[in-house]
C-alpha cells in the first residue's frame, strides 16, 4: 500500500514545483511594470529601448519629416511657444528632448531681437551724449548680443544631439548654446538652476511622465516657468475624424517614402492617441508641484501648450 502511494506523491511534488515556478514567474512580471509603446503593451525597459531606437532611426530625416507631416505648421506652433515664453536677455533655458535645436534656435533669435530693441531704445534716450560716447556704448552692448542668455539642449538620444549640433554649425549658432546628453526622468543638472524649462513634442515619449515633471520642477528656480508643447486631443468631432484618417493613412506612408521607416512613424501616430488629454496632463503638472497651470489649444487641440510656474 505504501509503495502504491509513491507515484501519487511524486505527481503531487511535481505539481507543487510547477505551481512554485508559476508563482515565481508571476512575481517576475509584477516586478517589471507594464506600459505601452504605441498600441503595444510592453515593460518600461522595453519601451525605453524601443523609443531610443525610433529616434536613432529618424534623427537624420527628423526635420524633413516634421515639415512633411505637419505641412510646415509645426514651425508656427514652435514660434507661438517661444512668444508665450517671452524670454528677456539673461534668461537661462533648458530645452529637454530638444533634439535638433528648433526651440533653442528660436530662443536665441528672440533674445537677440529683444536685446537689439533695448539697445536702440537706450541710444534714443541718450541723444545728448557725444558721438564717441554713443559709439562706445553701442560697441559694449553689441559685444554681448544675448545679454548673458543661455540655452542648454538636453536629449537622451546621441543621434538626435548629433543632428542638432550639425544643424547649429550649419546655421551659425554657437554663442549661448550647449548640448547635454541626459534623461528627462533624471536630469544631470543641479536644483534651482534654470529660469525656463521647455519640452516640445517630447514628453509623450517619456516612459515615466510623472518623474519627468518632478525633474522639471526640481531644476527650475523659484519663480521659474514650465512650458510643454505637445500633440493633444482634438475637440471638433469632424476634424478629429479627418485627423485620424490623415494620421493613420498618410503619415506612416510619408515615413516610408521620405525616411524609409514605416514602423517608427506608425508608433508616433499611435503614441499621440495614447497620450493623456489636456485636462489630465494639467492635473499631472499640478501634482508635480506647479501652480497657475493652464493650457492653450492650437488648431482645435491638435496640439496644446501647457504652462505652469514653480512658486
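Backbone N, Cα and C define each Cβ position, glycine as well.
Sequence annotations record features per position, and here TrEMBL assigns S-adenosyl-L-methionine binding site to 100, 155, 183, 184.
Cβ contacts within 10 Å of residue 155 (S-adenosyl-L-methionine binding site), excluding its own Cβ and spanning all protein chains shown: 27. Counting other Cβ atoms within 10 Å of each Cβ, the lowest count among the binding-site residues 100, 183 belongs to 183. In this entry, S-adenosyl-L-methionine is bound by 100, 155, 183, 184, whose most widely separated C-alpha atoms sit 16 angstrom apart.
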